[in-house]
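Enquirer: Annotations per Swiss-Prot:
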- 109-124: compositional bias 'Basic residues' (COMPBIAS)
- 89: 3-methylthioaspartic acid (MOD_RES)
- 1-20: region 'Disordered' (REGION)
- 104-124: region 'Disordered' (REGION)
């Protein structure tokens, strides 16, 4: 235990918390423009063609964002909204594209978990 005089000379320092989503700069979402839309393969033991986009954000950051759901309408120069949330089997992908916002369409014919994919409620 430190003495009072030691603490007066050298006060205790707060631990600096490191964020897992630095490009958001403490915001819930950020807007950006797609610079490249492509597919990539996940780490072992998984196998798929995961859809991702390279995005230049309004704050100048360039990040890789995962495009969830079946099918998408994104191409180069599409304006999208990204949120935090990594994809465990894609190294370097720390952001998700928000479906149904800006130029990103919602997932068509989605019945369950619709709010996560920007899908409207089906007619009866």
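Placement of Cβ uses the backbone N, Cα and C atoms for every residue, glycine included.
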Enquirer: Any residues 6+ beyond the ends of the region 'Disordered' (1-20) with a Cβ under 8 Å from its own?
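Expert: Distant contacts of the region 'Disordered' (1-20): 26, 84, 86, 94.
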Enquirer: What residues elsewhere in the chain lie close to the region 'Disordered' (104-124), defined as a C-beta under 8 angstroms and at least 6 residues from its ends?
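Expert: Distant contacts of the region 'Disordered' (104-124): 67-74, 78, 80-81, 97-98.
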Enquirer: With an 8 Å cut-off on Cβ-Cβ distance and a minimum sequence separation of at least 6, pull the same-chain contacts of the residue listed as '3-methylthioaspartic acid', or say none.
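Expert: Spatial neighbours, sequence-distant, of the residue listed as '3-methylthioaspartic acid': 42, 43, 46, 50.
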Enquirer: Looking only at the compositional bias 'Basic residues' (109-124), how are its residues distributed among DSSP helix, strand and coil?
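Expert: Its residues divide into 3 helix, 0 strand, 13 coil.
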Enquirer: By DSSP, how many residues in the region 'Disordered' (1-20) are helix, how many strand, and how many coil?
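Expert: Looking at the region 'Disordered' (1-20) with DSSP, the answer is 6 helix, 0 strand, 14 coil.
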